[in-house]
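Notes to accompany the following structure.
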Amino acid sequence: MRSFLESAPVAQAFTVTAITAGFTGHLTRSLIGWPGYIAVIAGLCVLAIAILIARRELIEWRGVLPLTILGFVIWCGASIVWSGAQWISLAGWLFQVAIALLGVTIALCRDLIQIVRAAGSVFRAVLGLSLGLEILSGILIDTPIPVLGIAGDLAVGGPIQGVFGTRNLLGLVAVLALVTHIIELRTRSVQRGLGIVSIVLAGTCLFFSGSPVTAVVAIVILAATSALFAVRRTPTERRPMLQYALLALVVVTLVATYVGRSRVIDLLNAGGEFQVRYALWLSTLRAVDVNPIEGWGWTGIWRDSILPFAGINWSVQREHASALNAYIDVALQVGIVGLALFGALCAFAVIRSWLLASNRRTVTYAWPALILVALLTTGVAESFPLVESGWLLLVICAVKASESQSWRSRLPA
């Protein structure tokens with residue numbers, strides 16, 4: 001049994017299945033409900049523990065799990081103590097830990113290129129299924145599919161939602177897929193024809209999603225990709241100067257965006273979408289002020305039956321499952337302390353992955369850096385990095401980035 005569990009085919013099958021489970025949460029819950037989805041995640045967690053035990057002698061454990069992940073997850077768990085709905089907070093925390101366990105297992109048991117290939121396979125499947133269902137709903141039968149949240153608007157140019165429930169999530173997955181498929185093509189991990197078809201599929205889903213949030217993310221990814229490959233082509237002795245210049249450019253851009261935020265808001269306010277988010281953020285920040293240090297208690301996905309979520313949704317006259325901003329959401333649920341820990345997790349992950357991508361010759365190392373940029377940029381307008389597939393990718397990228405960058409890995413055995 002041990003030789004079976006530590007084999008490469010089992011690790012590969014587990015990786016593909018776990019990533020698929022992360023990205024098909026909405027689809028799975030729509031078909032078999034939360035109990036079925038929880039059963040899937042629980043089964044994968046049991047398999048993950050079995051694989052880690054079987055591979056315990058093959059894994060370099062020292063310094064493998066970033067302290068920032070541990071700190072954030074432990075603080076979220078501690079928030080159960082002061083939560084007003086402790087059983088719900090416990091359930092939310094266990095779900096967070098379960099997804100993190102899947103991410104850690106994937107990162108420890110597979111090389112980076114193997115993870116990229118697995119992610120590419122999953123993206124091809126879920127985007128292909130999404131586009132196929134949209135064609136069925138919007139063109140062939142011209143009828144929405146309410147159970148999946150598909151409006152059937154493909155024939156009129158979108159927006160489409162696919163199997164993800166919202167156009168923003170479909171658009172983000174398409175951006176992540178574009179990054180992954182381009183790296184697959186550059187590393188010759190797939191045949192050229194399949195790689196080109198995959199890129200066209202992702203681009204088509206991105207276009208018809210009609211998501212202004214994803215449009216901004218795509219622009220940021222394009223800029224980050226250009227900057228990263230400029231650094232990679234720069235002689236080693238000149239790279240630090242260029243890195244500092246890029247950092248200064250990022251700071252200036254952020255300051256300029258803040259100063260000209262009114263104009264930016266006008267540009268992004270497609271169909272009043274930003275106004276919806278802005279009203280939700282203001283209401284959420286008022287709730288943050290009630291428990292600013294420790295927060296209300298971690299739940300991950302909002303529960304409309306408990307405070308403060310019920311009050312926030314009532315005030316904006318809409319039912320939301322998140323704050324539509326990962327950073328405000330963290331501050332609401334686990335306070336300023338939790339926000340600082342989450343910020344440290346994101347900062348260390350980005351810095352480590354960026355340095356790896358800058359200094360390693362293979363283009364594969366660009367994947368964690370660009371995926372993290374996409375996740376954290378999306379976090380400004382969605383809470384995607386905190387739950388399910390977003391949290392899974394964040395953990396995978398953070399662990400892979402820390403493998404050779406963590407100070408603990410250089411300690412004597």
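Including glycine, each Cβ sits where the backbone N, Cα and C put it.
Those TrEMBL annotations? Automatic predictions, nothing curated.
Annotation source TrEMBL lists transmembrane segment at 34-53, 65-84, 90-109, 121-141, 161-183, 190-209, 215-231, 243-260, 330-351, 363-381. Annotated domain 'O-antigen ligase-related' per TrEMBL: 198-342, in sequence order.
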Secondary structure composition of the domain 'O-antigen ligase-related' (198-342) [DSSP: H/G/I, E/B, coil]: 110 helix, 0 strand, 35 coil
Stretch with greatest number of CB pairs under 8 Å, the transmembrane segment (65-84) reference, 90-109, 121-141, 161-183, 363-381 candidates: 90-109
Closest-packing stretch to the transmembrane segment (34-53), where packing means Cβ pairs under 8 Å, from 90-109, 161-183, 363-381: 90-109
Same-chain residues near the transmembrane segment (161-183), Cβ under 8 Å, at least 6 residues beyond its ends: 23-24, 26-27, 30, 116, 119-120, 123-124, 126-127, 129-131, 133-134, 148-151, 189-190, 195, 198-199, 201-203, 205-206, 209-211, 213-215, 217-218, 221, 225, 363-364, 366-367, 370-371, 374, 378, 381-382, 384, 389, 393
For the domain 'O-antigen ligase-related' (198-342), the mean pLDDT of the predicted model: 85
